[in-house]
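Chemist: Supplied in structure tokens, the structure appears directly below.
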Amino acid sequence: MGLAGTKVKQRFGLDPRNTNWSNNNNQFGHQYLTKMGWTPGKGIGLVPDSITTHLKINIKTDNAGLGAKLQKRNKDANELDECSGVDAFQRILGRLNGKEDAVNKVMDMKRDDMIINGKMGIRFVKGEVLSSTWDKEKKALISYANGKNEDKKDKDEVSLLRKRKVEDEEKREVKKSRKDIKEKKEKKEKKEKKEKKEKKEKKEKKEKKEKKEKKEKKEKKEKKEKKEKKEKSDKKEKKEKKDKKEKKEKKEKKEKKEKKEKKEKKEKKEKKEKKEKKEKKDKLDKESSNAANVESTKSLVSDSSRESTPTPIASRLSVRSKWIKQKRASVMDAKALNEIFMISN
């Protein structure tokens, strides 16, 4: 293929010819063969002159079939193609090139070779002889010599031959009948032996099969029982686990519920306490605010022009009452209101 072909990477080992193994004399095989009388360079087996060198392997890198290169090497360069119609074409080309005789000679040789060595159908004809010169009964040539003695001799010979032939045929028939009887007897015995053997084998096979089936049934039964036991134990374990899980869940739910109830009770209690505290506080604020209102009205009536110093209230709500008083004083004072609303006189 050249450069256009696929690249084939070849990797060879450190010892592709395996020379390390063949040169190593310390191995068991080498020592054993040397004890038996073998020496390096000799063949192994009956014939000592066998192959003593290593086999060389040719790596196949193309897609051609086995033996393609050998066929190409042995092919004659001047061999003509075997396509249909090429012979006539070659003759025409030879005539045009002025080599008609040479081409015709090659073509004729090729045709003769095909006829002689080609795989063609051959018809065999049975040879016959002249009926007038051959005696079929005697299987010999007929002699036409004249004479009475010869005729008598011939007749006697013919009669003797016929008698012998009859006797031979009778003997053959007797032998054949005896042989047939013997063969029939042997065949019968063989048949009986064969039938007995087959019956015995069938019986043994049947017994083996029954034993095997019994064994398989027993094993299946044992497996089934084991499986059922295992399933029962698994079911029991699963049920116990489920019951434990349910109990645990119920317990956890109960604990959660109790915790929730406690928490709700606590929250309710805290809310109630807060509400009570708030109510008490609001009540005290109202009382203090009422007292502050009364005092402020008194101070305004007594002296409207100057600011009156409030008397301190000896109570825990004195700070709030003071703030309320200041707020009320600013609201009641006209000058302060003008400053708040930015009204000029």
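In case you wondered, yes, glycine gets a Cβ from its N, Cα and C as well.
Quantities reported herein were computed from a predicted structural model and do not represent experimental measurements.
Swiss-Prot lists these features:
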- 1-25: region 'Disordered' (REGION)
- 25-71: domain 'G-patch' (DOMAIN)
- 166-317: region 'Disordered' (REGION)
- 187-227: compositional bias 'Basic residues' (COMPBIAS)
- 228-237: compositional bias 'Basic and acidic residues' (COMPBIAS)
- 238-278: compositional bias 'Basic residues' (COMPBIAS)
- 279-288: compositional bias 'Basic and acidic residues' (COMPBIAS)
- 289-312: compositional bias 'Polar residues' (COMPBIAS)
Chemist: Per DSSP, what is the residue count of the compositional bias 'Basic residues' (187-227) in each of helix, strand and coil?
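Modeler: Output for the compositional bias 'Basic residues' (187-227) reads 41 helix, 0 strand, 0 coil.
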Chemist: State the non-local partners of the compositional bias 'Basic residues' (238-278) in its own chain: residues 6+ outside its ends, Cβ under 8 Å from one of its Cβ atoms.
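Modeler: Sequence-remote neighbours of the compositional bias 'Basic residues' (238-278) do not exist; the answer is none.
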